[in-house]
Amino acid sequence: MESPSARVVSLPEDGEPCGGSGGPGQRPGRPRSTECAQPGVVEKVRPKWSNPLQFLLTCVSYAVGLGNVWRFPYLCQMYGGGSFLVPYLIMLIVEGMPLLYLELAVGQRMRQGSIGAWRTISPYLSGVGIASLVVSVLVSVYYNVINTWAIWYLFHSFQDPLPWSVCPLNSNRTGYDEECEKASSTQYFWYRKTLNISPSIQENGGVQWEPALCLTLAWLIVYLCILRGTESTGKVVYFTASMPYFVLIIYLVRGLTLHGATNGLTYMFTPKIEQLANPKAWINAATQIFFSLGLGCGGLIAFASYNEPSNDCQKHAVIVSVINSTTAIFSSIVTFSIYGFKATFNYENCLNKVILLLTNSFDLEDGFLTASNLEEVKDYLASTYPNKYSEVFPHIRNCSLESELNTAVQGTGLAFIVYTEAIKNMEVSQLWSVLYFFMLLTLGMGSMVGTGTAILTPLTDSKVISSYLPKEAISGLVCLINCAVGMVFTMEAGNYWFDIFNDYAATLSLLLIVLVETIAVCYVYGLRRFESDLRAMTGRPLNWYWKTMWVFVSPLIIIGLFIFYLSDYILTGTLQYQAWDATQGHVVIKDYPTYALAVIGLLVASSTMCIPLVALGTFVTRHLKSREQFPEA
């Protein structure tokens with residue numbers, strides 16, 4: 001990064017007015033920024049990326065996150081395996097790349113954070129930038145909790161044996177803990193040792209000191225990464241963008257050599273063509289593209305605002321989109337190889353237990369029963385010894401590899417239960433555990449650095465704030481406040497509140513924000529005017545593909561997604577959540593209490609209402625000023 005420094009700014013040599021959006025009829029010129037000011041005015045030069053690679057890696061690190069590892073494989077599993085790639089790639093072309101290019105172009109053109117960029121386009125659109133800022137704050141508050149859990153598991157990965165590999169003894173030391181026996185050792189470690197979860201959201205409990213310390217450490221790492229704004233971010237992304245790929249490649253080699261890996265890969269890539277007629281497959285493909293790229297959060301606009309005006313942001317939009325989607329597919333191959341190993345291990349373990357049970361119950365010769373003749377022998381025993389077999393039958397488990405592979409898990413369940421279940425059965429399990437959770441941490445930190453930039457850029461751009469506080473102090477205050485709020489998630493009911501933030505803080509809000517952004521560029525600022533700005537910056541004309549997507553296709557897709565989400569919430573009725581039942585050793589479905597529903601409504605409204613309220617406030621303020629300047633005679 002180039003350090004900001006004070007200098008005297010003069011008019012361009014050709015005498016062209018500064019800023020292409022200066023007024024009606026003005027021909028497109030240089031973007032309005034701190035580089036275009038009145039002669040003799042001393043201002044700070046806006047920092048720039050040291051090279052285009054820093055910008056590209058920052059965008060990649062921001063886009064490629066945990067969703068690529070724990071949501072995309074789940075969607076493949078749910079919606080047709082290899083056939084899900086068809087709607088996914090189509091949505092990448094008609095939605096992902098165009099909207100990503102739009103945000104990068106706006107940031108590079110206006111050379112400001114989200115609030116300043118949209119205010120430049122129209123004072124009535126300042127609320128769009130504020131809404132993006134609110135969403136980024138809400139996301140950062142809960143997203144760093146995932147890094148907290150990754151740190152917690154990383155610390156425990158150095159133990160031998162791994163603490164989630166076996167159930168602990170009960171208080172009398174006469175057997176295993178009852179809750180762990182009913183669930184599993186990995187579920188027990190997650191729900192009881194990591195979360196120490198309460199039975200419902202109404203029982204909050206107190207802040208637990210171990211997760212609280214890990215959360216503090218996670219925010220300290222974030223602070224060190226964004227300490228000096230883009231100057232430090234530009235150096236951090238070299239590591240956060242590349243390290244996950246290094247670990248994924250190692251895991252791919254290991255995963256493909258595991259017993260049963262081919263079962264998982266076959267399951268993933270076997271297309272279920274009928275799913276192409278399922279509208280939910282297309283809707284989920286669109287939302288996966290939308291949210292994994294980080295559209296609407298303001299981070300992409302902030303990154304692009306530090307570019308040289310001549311930077312080829314179109315090329316970078318295509319590269320980031322392709323890398324993001326390729327990473328999702330690549331991580332799915334890794335995930336399903338591990339998933340196949342885990343499913344095969346559980347299936348064979350189930351068969352061995354049934355074989356042992358029948359061998360002991362009917363005094364069969366050791367080695368007589370095998371997986372190949374099990375069903376045949378079961379039929380023989382049932383017909384020859386019906387009474388005895390009926391006594392044993394309730395204890396015979398129904399073993400099925402297909403049912404093991406059909407168990408769909410996403411999010412924290414995939415990351416902290418399914419993966420740990422597989423890791424504990426690998427040789428040198430500590431090594432694989434350390435690598436895996438270190439990868440999760442770098443993925444999470446890469447996204448957090450981007451989210452932190454999305455928050456800090458409009459704050460440091462604000463003359464009111466930056467005139468009183470240096471960027472280090474602003475960064476520190478943001479991290480400190482978010483860490484304090486995040487302590488809510490370290491309580492016994494914290495995971496339930498995490499799910500609320502994860503499900504509702506940035507869904508409808510981002511759809512509305514990006515829809516307004518697209519309409520603002522195409523119909524408020526004007527597509528022809530924006531096209532002229534891009535040509536003036538990059539020397540490249542805007543082709544028909546981008547214009548068609550921005551004007552028609554992408555807005556229609558967003559409106560469709562918006563309607564789907566609203567109708568889905570309405571048809572769902574009372575919103576529900578999954579609560580851990582320690583007596584049964586599994587989750588149960590419960591209704592959210594009234595105050596939780598109020599929080600959900602507040603989360604959605606806190607960002608979406610910024611857009612109309614700020615527009616209304618701007619209209620009223622301007623109306624009052626005009627009355628003061630031109631009082632009625």
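The backbone N, Cα and C atoms fix where each Cβ goes, glycine too.
Any TrEMBL annotation is an automated prediction that lacks curation.
Per TrEMBL, Na(+) binding site is recorded for Ala63, Val64, Asn68, Ser292, Asn324, Leu443, Ser447. Counting Cβ atoms from all protein chains shown, Asn68 (Na(+) binding site) has 25 others lying within 10 Å of its own Cβ.
The compositional bias 'Gly residues' annotation in TrEMBL covers 17-26.
According to TrEMBL, the feature region 'Disordered' maps to 1-37.
Per TrEMBL, the feature transmembrane segment maps to 53-72 (among others).
The transmembrane segment annotation in TrEMBL covers 84-102 (among others).
Annotation source TrEMBL lists transmembrane segment at 123-145 (among others).
Below 8 angstroms of C-beta separation, residues 144-145, 147-149, 151-152, 155, 194-195, 233, 236, 445, 448-449, 452-453, 456, 472, 475-476, 479-480, 482-483, 486-487, 489-490, 494 of the same chain, each at least six residues beyond the ends of the transmembrane segment (209-227), sit close to that stretch. Taken from TrEMBL, the feature transmembrane segment applies to 209-227 (among others).
Annotated transmembrane segment per TrEMBL: 236-261 (among others), in sequence order.
Sequence annotations record features per position, and here TrEMBL assigns transmembrane segment to 281-306 (among others). Outside the transmembrane segment (281-306) by six or more residues, the chain places 1, 46-49, 55, 58-59, 62-65, 67-68, 71-72, 75, 78-80, 84, 87-88, 90-92, 95-96, 99-100, 103-108, 110-114, 117, 129, 132-133, 135-136, 139, 230, 275, 313, 320-321, 324-325, 328, 447, 450-451, 453-458, 506, 509-511, 513-514, 517, 557, 560-561, 564 with a CB less than 8 A from a CB of the stretch.
Here TrEMBL flags 318-339 (among others) as transmembrane segment. For the transmembrane segment (318-339), same-chain residues at least 6 beyond its ends with a Cβ under 8 Å from one of its own Cβ atoms are 56, 59-60, 63-64, 67-69, 72-73, 76, 85, 88-89, 92, 96-97, 100-101, 245, 248, 251-252, 255-256, 258, 261, 264-265, 267-268, 288-289, 292-293, 405, 414, 418-419, 422.
Positions annotated as transmembrane segment by TrEMBL: 434-456 (among others). Long-range Cβ contacts of the transmembrane segment (434-456) within its own chain (Cβ-Cβ under 8 Å, at least 6 residues beyond either end) map to 58, 61-62, 64-66, 68-69, 113-114, 132-133, 136-137, 139-140, 143-144, 146-147, 150-151, 153-154, 157-158, 221-222, 225-226, 229-230, 233, 236-237, 239-241, 243-244, 247-248, 250-251, 294, 297-299, 301-303, 415, 419, 423, 471, 474-475, 478-479.
Look at TrEMBL and you will find 477-498 (among others) tagged as transmembrane segment. For the transmembrane segment (477-498), the list of distant contacts is 137, 140-142, 144-145, 148, 195-198, 200-208, 211-212, 215-216, 219-220, 222-223, 226, 412, 452, 455-456, 459, 469, 577, 579, 596: same-chain residues at least six beyond its ends, Cβ to Cβ under 8 Å.
As annotated by TrEMBL, transmembrane segment applies to 504-527 (among others).
According to TrEMBL, the transmembrane segment annotation covers 548-567 (among others).
According to TrEMBL, the transmembrane segment annotation covers 595-620 (among others). Within the chain, the transmembrane segment (595-620) has long-range Cβ neighbours (under 8 A, six or more residues past its boundaries) at 123-128, 130-132, 134-135, 138, 201, 496, 500-501, 504-505, 508-509, 512-513, 516, 575.
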Q | Touch test for the transmembrane segment (548-567) and the transmembrane segment (123-145), at least 3 Cβ pairs under 8 Å | A | no
**Q.** Beyond the flanks of the transmembrane segment (504-527) by at least 6 residues, Cβ under 8 Å
**A.** 21, 99, 102-103, 106, 118, 121-122, 125, 128, 131-132, 134-135, 138-139, 142, 290-291, 295-297, 547, 550-551, 554-555, 558-559, 561-562, 565-566, 600, 603-604, 607-608, 611
Q: By Cβ count within 10 Å, point out the most packed of the binding-site residues listed: Ser292, Asn324, Ser447.
A: Ser447
Q. Who are the long-range neighbours of the transmembrane segment (84-102) in its own chain, taking Cβ under 8 Å and residues 6 or more past its ends?
A. 75-76, 275-276, 281-282, 285-286, 288-290, 293, 295, 300, 313-314, 317-318, 320-321, 324-325, 329, 514, 517-518, 521, 545-546, 549-550, 553-554, 557-558
Q. If you draw a 10 Å sphere on the Cβ of Val64 (Na(+) binding site), how many other Cβ atoms land inside?
A. 28
Q) When you measure from the Cβ of Leu443 (Na(+) binding site), how many other Cβ atoms are you left with inside 10 Å? A) 29
